[in-house]
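**Q** According to TrEMBL, the protein carries these features:
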- 27-53: transmembrane segment (TRANSMEM)
- 43-292: domain 'G-protein coupled receptors family 1 profile' (DOMAIN)
- 60-83: transmembrane segment (TRANSMEM)
- 103-122: transmembrane segment (TRANSMEM)
- 142-163: transmembrane segment (TRANSMEM)
- 201-228: transmembrane segment (TRANSMEM)
- 240-263: transmembrane segment (TRANSMEM)
- 275-294: transmembrane segment (TRANSMEM)
Amino acid sequence: MERDNVSTGATTEFLLLGFSELLRLRVLLFLIFLIVHLLTLAGNMMIFAAVVMEPSRPPMLFFLCQLSAIELCYTLVVVPKALLSLVVVDGSTISFLGCAAQMHLFVALGGAECFLLAAMSYDRYVAICQPLRYAAVMSEGLCLRLALMCGLGAFAVALGLTAGGFPPPLHASHRIDHFFCDVPAVLHLACTQSYIPELPLLAACVLLLLLPFLLILVSYVCIAVALLHIASSVGRGKAFSTCISQLAITLLHYGCATFIYIRPKSSYSPARDKVVSLVYTNLTPLMYPLIYSLRNKEIRGILRKMLRRK
């Protein structure tokens, strides 16, 4: 009650309930999340360092390095607060500005990843459909511009979402039934049944999810058409194998994001959302380096060279 009363007088802080309903399991959950978090940091840092140390980096490795950097920041924005919520029995507090900053960074990094996946699909399209022009089209300058556009575009959209939708008209308690300031969890605090507070989220979903997804879909439709014209089944298999890793990453990322963000407010379920959020904030970033290190021959070669140097 005292913690609620601190925040009822003015919107100065929120109370993140986290996993307060799982008191008996919080020690086990803390150890599991900590191990997964450390493995995620180690895997992405290893790929990031391996690509940075490589003197000649093709475009796919350049984008993969940026993806690892995004995942590192992504987990650092969310996971430490989640671990803290397991340590504090009654939930952890977060300031008004801290909640806004966390929501903004989370959306910006997730959006940058969506744009980056679209850029990576374009890279695969040029490599398979226009192989003779690949070196000329995917120049270092274009890769740098695409990377910059991915980051700045997602940052601008996330800033608009945060400024336009935070905070919604709030209940008095300011208790967020989540382990971080996720957009649906914050919007669920709105004391109005109107859909107006959800309009900034809808606009952000169109720009950060739907638009990159359509670009990815167009790229892979063109790739599929090009693969059908390859007479050799071995050639088709080799060409398609270069896309499997990115397809797996895209399905994981868009599957979770679509479930969380593209749905009506009436279907919001705190317990279910926390489970899905655990997947895309803890397990998915861990799977990215595993998928790429197992599927990408260039990454495996760089890692082997780095281990030999050690």
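Note that Cβ sites are derived from N, Cα and C of the backbone, with glycine treated the same way.
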**Q** Could you tell me whether the transmembrane segment (201-228) and the transmembrane segment (60-83) are in contact, taking contact to mean 3+ Cβ pairs under 8 Å with a sequence separation of 6 or more?
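**A** Counting Cβ pairs under 8 Å, fewer than 3, so no.
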**Q** Mind checking which residues reach the transmembrane segment (275-294)? Cβ under 8 Å, same chain, six or more beyond either end.
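**A** Same-chain contacts beyond the ends: 33, 36-37, 39-40, 43-44, 46-47, 64, 67-68, 71, 74-75, 78-79, 82, 178-180, 182, 245, 248-249, 252-253, 256-257, 259-260, 300, 303.
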**Q** In terms of Cβ proximity under 8 Å, which residues at least six beyond the ends of the transmembrane segment (201-228) contact it?
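**A** Those are 107, 110-111, 114-115, 117-118, 121-122, 124-125, 128-129, 153-154, 157-158, 160-161, 165, 183-184, 187, 236, 239-240, 243, 247, 250, 254, 257-258, 261-262, in sequence order.
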**Q** By a Cβ-Cβ criterion of under 8 Å, what residues six or more beyond either terminus of the transmembrane segment (27-53) are in contact with it?
**A** 19, 61-62, 64-65, 68-69, 71-72, 75-76, 79, 82-83, 86-87, 282-283, 285-286, 288-290, 292-293, 299, 302-303, 306
**Q** Determine the mean pLDDT over the domain 'G-protein coupled receptors family 1 profile' (43-292), rounding to the nearest whole number.
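**A** Taking every residue of the domain 'G-protein coupled receptors family 1 profile' (43-292) together, the mean pLDDT is 83.
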